[in-house]
C-alpha cells in the first residue's frame, strides 16, 4: 500500500483477490473438463501435460511450479527466523544473536517436520492454520490501532517519494507482492484429493479461502498503512518494536503475534515442501522396493534434508523478505497462478471472440505478461540495491 497510495492501493488489494479467485476457478473448470474426458490430473504438471503437451510441461511449467515452491520455502524460513529474532530481542534487548542464527534454528524445525510422509498427513493442521492466521492478523490489526492512537504516535506521511522510475518500479513491486499474497500454486493437488463433485466443493473451498484472506489481509494492510504511512515495513510487526528504542504495543501482544506467525509459518513452509519432495523422490528412490524399505527411507531422508538445508542457507544469506516476495510474485506466482490457469481455460473451452469471456481472459493474460516482465525487473533491481547495501548473512 505504501508504494501505491490510498487511492490505488485499496482497489488493487481487492482486485488482486478477485483476479486470483477467478484464475483458480478457471483452473478448477479446466481440471474437471479434462477429468470428464478420462484425463485425471493429480498435479499441476499433469494438467499442463494434458493441455499443452509434455515438452512445454517438462521444460517450462514443471520448473516454474517447483521454483515457486522453492522460493516459498526460502521466504517462509526467512520470515520464521525474523519472528523468532523479534521474540528474543523483546526479552533481551542487548542480545548478541544474529538473524541468520534464528533462520538456522527455524530451518531445523522445518527439517524435522519435513519428514512427514505426505501432504495428506498435514490435513489435521488446516483448522489450526486458519486459527493462527486470524490470531496474528488480529494482533497486527490491534497493534496498529494502539500505535496509531497512542500519545506519541509514529509520524504519518502518505506521500510517495522518489524519481518517476523509482515510483514506477515500486508500483510493479507492489503488484507482485499482492499476487504473492493471494496466490496458491497447489490448487490442482488439492482438488485431486476431493470426492465428486470436486469442482463444486473446490469453489466452496476457494470462497472460504478468499473470505479468510480478505478478512485478515485487508484490515492489517489498511490499519498498518494508516498507523505508519510510507515508513511501514513489509512485515508490520517490525514497526512495533526496535531493540533499545521503542515498543509501541504491549509486550504480551507483540510476543503473541510472533508466536502465532512463527507457528503458522512452520505449517506453511512444510506444506510447500511436498511438491518438490515428490519430484526429488522420483529421482532418488526405487519404486520397485517398498516405500519404507531401508534404501528408500535413507534416500528420502537425505534428499529432504539436503533441500531444506539449501533453502535455509539461501534465506540466511539474503534476508530481504519484501524484495524476495515481489520476485516470487513476478517469476513464479504470476505465470503459475494467473497466466497459465486462464490460458489453459482458453485452450480447452475456446471461448468465441464475440464473447466477453474471450476479451477478459486475453486482457488478463496480457496484463499478467506485463506484470511478470516489469515485476521481475523491478524486484531484481531492489534485491541488487539491497545486496550492495548489506553484506551476506546481514542482521537486518
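Quick reminder: no glycine exception, Cβ is built from N, Cα and C everywhere.
Caution: TrEMBL annotation is automatic and unverified by curators.
Feature annotation from TrEMBL assigns domain 'Amino acid transporter transmembrane' to 1-378.
What TrEMBL lists as transmembrane segment is 12-34 (among others).
Look at TrEMBL and you will find 55-79 (among others) tagged as transmembrane segment. Outside the transmembrane segment (55-79) by six or more residues, the chain places 44-45, 48-49, 103, 106-107, 110, 185, 235, 261, 265, 268-269, 272-273, 275-276, 279, 307-308, 311-312, 314-316, 319, 321, 324-325, 327-328, 331-333, 335-336, 340 with a CB less than 8 A from a CB of the stretch.
Residues annotated as transmembrane segment in TrEMBL: 99-116 (among others). Long-range contacts of the transmembrane segment (99-116) within the same chain: residues 73, 76-78, 80-82, 84-85, 88, 122, 262, 265-266, 269-270, 273, 277, 300-301, 304-305, 307-309, 311-312, 315-317, 319, 393-396, each at least 6 residues beyond the stretch ends and with a Cβ under 8 Å from a Cβ of the stretch.
Away from its own ends, the transmembrane segment (128-149) comes close to residues 156, 212, 215-217, 219-220, 223-224, 226-228, 236-237, 239-240, 248-250, 253-254, 256-258, 260-261, 263-264, 267-268 of its chain (Cβ-Cβ under 8 Å, at least six residues beyond either end). Taken from TrEMBL, the feature transmembrane segment applies to 128-149 (among others).
Sequence-distant contacts of the transmembrane segment (169-187), counting only residues of its own chain at least 6 positions beyond either end whose CB sits under 8 Å from a CB of the stretch, comprise 1-4, 8-9, 12-13, 16-17, 20, 24, 27-28, 44, 65, 68-69, 72, 160, 162, 202, 209-210, 213, 217, 234, 271-272, 275, 322-323, 325-330, 332-334, 336-338, 341, 371, 374-375, 377-379, 381-382. If you look up TrEMBL, you'll see 169-187 (among others) marked as transmembrane segment.
Annotation comment: TrEMBL describes 208-228 (among others) as transmembrane segment.
Look at TrEMBL and you will find 248-271 (among others) tagged as transmembrane segment.
As annotated by TrEMBL, transmembrane segment applies to 301-321 (among others). Panel annotation: around the transmembrane segment (301-321), residues 70, 73-75, 77-79, 81-82, 99-100, 103-104, 106-107, 110-111, 114-115, 234-235, 273, 276-277, 280-281, 284, 382-383, 386-387, 390, 392-394, 396 of the same chain, lying at least six beyond its termini, place a Cβ under 8 Å from a Cβ of the stretch.
Residues annotated as transmembrane segment in TrEMBL: 327-348 (among others).
What TrEMBL records for 360-380 (among others) is transmembrane segment.
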State the non-local partners of the transmembrane segment (360-380) in its own chain: residues 6+ outside its ends, Cβ under 8 Å from one of its Cβ atoms.
19, 22-23, 26, 168-170, 172-173, 175-176, 179, 323-324, 326-327, 329-331, 334-335, 338-339, 342-343, 345-346, 351
